[in-house]
Amino acid sequence: MHHVNKYFNQTMVIEALKMSFYKLNLKQLIKNPIMFVVEVGMILTLILICFPDIFGTSYLSRGYLITIFIILLITILFANFSEAFAEGRGKAQADSLRQAQSNLTARLIEENGAYRIVNATELKAGQNIRVENGETIPADGVVINGLATVDESAITGESAPVIKESGGDFDGVIGGTLVTSDWLEIRVESEAGTSFLDKMIALVEGAERNKTPNEIALFTLLTTLTIIFLVVIVTLYPIASYLHLILPIAMLIALTVCLIPTTIGGLLSAIGIAGMDRVTQFNVLAKSGRAVEVCGDVDVMILDKTGTITYGNRIASEFLPVNQQMLEKLIVAAYMSSIYDDTPEGKSIVRLAKQMYINELPKDIDGTYKPFTAETRMSGIITNEISVFKGAPNSMINLVKQQQGNIPLNIESLCMDVSSKGGTPLIVIENNVMLGVIYLKDVIKDGLVERFTELRKMGIETVMCTGDNALTAATIAKEAGVDRFVAECKPEDKIKVIKDEQAKGHIVAMTGDGTNDAPALAQANIGLAMNSGTISAKEAANLIDLDSNPTKLIEVVKIGKQLLMTRGALTTFSLANDVAKYFAILPALMMSTIPEMTSLNIMHLSSPKSAIISALIFNALIIVALIPIAMKGVKVKGYSIDRIFINNMLIYGLGGLIVPFLGIKLIDMIVQFFV
């Protein structure tokens, strides 16, 4: 579990209790019309306690009125506590994050190379700073010199230090993290108030935690039901007078509270907040509650092969020359094309070449390095005497053809052989002559087959996008268990895939980390960006994974579904409760005047007074009983949507009808001795 778990402590509970009383303010409760009605009823009951005959002759003792008042107060406090406790978890994490950036100083590098100590808040973008072992990095930036290990646990919760160095994919650093070895020179990329940590704090504190469309729709439904029940209660009073049935105002207030959907009304905000918090516990930042909720509607998941389905550290395992006489030349050419390649693949090619080549390989190569891009899909070096490139088969074949070169007859079979094993083939050319193929071995992550099977049962289709050729993609897709794949996929192709799926009415989720992924992340309904990715990718996405683990998208989608299921399950339970309470209480109230109603008093409640008190107590206790479910969410198993629906109707629908009858009867058996 991550570091947020430590916030389940006594201090949090005490703070939530304090906030429960603060939220009694009518200005606070007006945001929740259901609980607002309960508080208005509580205030009217308090008026009746002070002035018993203000609404006519009172037929209830002051002690009975005080009992109703206390139960109504406790009901509101329980509802407020559930929301305050959920909010408190986020605030506690925000306080911890804020501590990571407090009272920081920086060692600013002057133009003459001298150092000057300044406050971290004075740093400007573009300035250079030096951070040494044991010091906290004062601002977001990029490493321009040095190599060191950095402890990012204050931000990500991951205890293992990570290596940061200039160049490559690991040169970005976050303000508030700790250098645990050596030193770094960093170019500042953000100023005070705009850092990644500042944005995290704003997100965690819920600055943008507005109600989601589904939540608003449900609130509208519940408010409408509340108004309907209010109308029923108001019309009940003249009907009771006509039937010569005495129904004191306090009992009508209590009856109203029992019948309106107070259970889900008291828990709805907590469910939404807790859903965002569960995502945070997985070290994923949600920019809004809407993002988490949309995750629950996702039915198509676009996944990159490298890093998501496979481990991503493809390793060169073999050199396959077009003929054995070319082996030595192939090794040297592969080495030269990779010597300035900082990717894991490039480094593995250099290692393999050194292991296999018995003669001395060239060390200092004076030339122009051409890095890999998504468009060219090749990398290499051009010198005065020679040009050497390695890259994807199609790209290399097209390049050789454009320059009127020859294509060896067996080059295609060599590539197919590698692809059929699930590997990635890279063709190596020297001066437009094909020398052979590099076999990059890729390994599928453990447990993915089972997880994809579970997603399929939940109605989610998985689509693998990869730059590999169709044969390699098909082999990996079959082994991993994904539903479909898109081979030789470029960044713009991802956008087309997403738009095509959305045009069919699907809700699409995807992951990305590069600037070239930003348009697709913005187009997708759910975009999960990696913390190690570019700023543009993180701005385009609506979720950010602090662990930079693309596989996390699967967990986030499950949390979104859990949020929707929890809200639906507790709404079903609450409405079923109201129906049960209606048939439990009304006969007990009417049977003294209408003897025919006695047959409907199936629970044999002892008296109208005890029936009302018992129902009110049950109404308050059920909110407390359901807080753990609202916070943790209902269990999500790999069942089909139909199976989940049936299970929820049996557990929360039927259970919502049965539990009130049993609960109210048990409470009535105790209350009858005091009323």
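Glycine too: its Cβ is placed from the backbone N, Cα and C atoms.
What Swiss-Prot lists as active site, 4-aspartylphosphate intermediate is Asp304. DSSP assigns Asp304 (active site, 4-aspartylphosphate intermediate) to a strand.
The ATP binding site feature in Swiss-Prot is assigned to Asp341, Glu345, Phe372, Thr373, Ala374, Glu375, Thr376, Arg377, Met378, Ser379, Lys390. For Thr376 (ATP binding site), the number of other Cβ atoms no farther than 10 Å from its own Cβ, over all displayed protein chains, is 15.
Under the heading Mg(2+) binding site, Swiss-Prot lists Asp513, Asp517.
Panel annotation: around the transmembrane segment (34-54), residues 24, 26, 60, 62, 65-66, 68-69, 72-73, 75-76, 79-80, 222-223, 226, 230, 249-250, 253-254, 256-257, 260-262, 265-266 of the same chain, lying at least six beyond its termini, place a Cβ under 8 Å from a Cβ of the stretch. What Swiss-Prot records for 34-54 (among others) is transmembrane segment, and it gives sequence analysis as the kind of evidence.
Per Swiss-Prot, transmembrane segment is recorded for 65-85 (among others), and the stated evidence type is sequence analysis.
Marked as transmembrane segment by Swiss-Prot on the basis of sequence analysis: 216-236 (among others).
What Swiss-Prot lists as transmembrane segment is 245-265 (among others). Residues 32-35, 37-38, 41, 44-45, 48, 55-56, 58-60, 64-65, 68, 72, 75, 79, 218, 222, 225-226, 229-230, 232-233, 236-237, 570-571, 573-575, 577-578, 581-582, 585, 589-590, 592-594, 608-609, 612-613, 615-616, 619, 622-623, 626 of the same chain, all 6+ positions outside the transmembrane segment (245-265), place their C-beta atoms under 8 angstroms from a C-beta of that stretch.
Using a Cβ-Cβ cut-off under 8 Å and counting only residues 6 or more beyond its ends in the same chain, the transmembrane segment (569-591) has close neighbours at 218, 222, 225, 245, 247, 251, 255, 258-265, 267, 271, 597-598, 600-603, 605, 607-608, 611-612, 615, 618-619, 622, 626, 629-630, 634, 648-649, 651-661, 664. If you look up Swiss-Prot, you'll see 569-591 (among others) marked as transmembrane segment.
Swiss-Prot lists 611-631 (among others) with the feature transmembrane segment. Nonlocal intrachain contacts for the transmembrane segment (611-631), taken as residues 6+ away from its ends with a CB within less than 8 angstroms of a stretch CB, comprise 64, 67-68, 71-72, 74-75, 78-79, 81-82, 85-86, 251, 254-255, 257-258, 262-263, 266-267, 270-271, 274, 566, 569-570, 573, 577, 581, 584-585, 588-589, 605, 659-660, 663-665, 667-668, 671, 675.
Beyond the transmembrane segment (644-664), the same-chain residues lying 6 or more positions past its ends with a Cβ under 8 Å from any Cβ of the stretch are 565, 568-570, 572-577, 579-581, 584-585, 602-603, 605, 611, 614-615, 618, 621-622, 634, 636-637. If you look up Swiss-Prot, you'll see 644-664 (among others) marked as transmembrane segment, on the strength of sequence analysis.
Ranking the recorded positions Asp304, Asp513, Asp517 by Cα distance from Ala374 (ATP binding site) puts Asp517 first. Spatially close to Met378 (ATP binding site) yet at least six residues away along the chain are Lys370, Phe372, Phe389, Lys390, Gly391, Ala392, Ser395, Met396, Leu399, judged by Cβ distances under 8 angstroms. Looking only at the recorded positions Asp304, Asp341, Thr376, the one with its C-alpha closest to Asp513 (Mg(2+) binding site) is Asp304. Largest Cα to Cα distance within the recorded ATP binders Asp341, Glu345, Phe372, Thr373, Ala374, Glu375, Thr376, Arg377, Met378, Ser379, Lys390: about 18 Å as a whole number. Among the recorded positions Asp304, Asp341, Thr376, the residue whose Cα lies closest in space to that of Asp517 (Mg(2+) binding site) is Asp304.
Applying an 8 A CB threshold to same-chain residues 6+ apart, the list for Asp304 (active site, 4-aspartylphosphate intermediate) reads Met464, Cys465, Thr466, Thr511, Gly512, Pro550.
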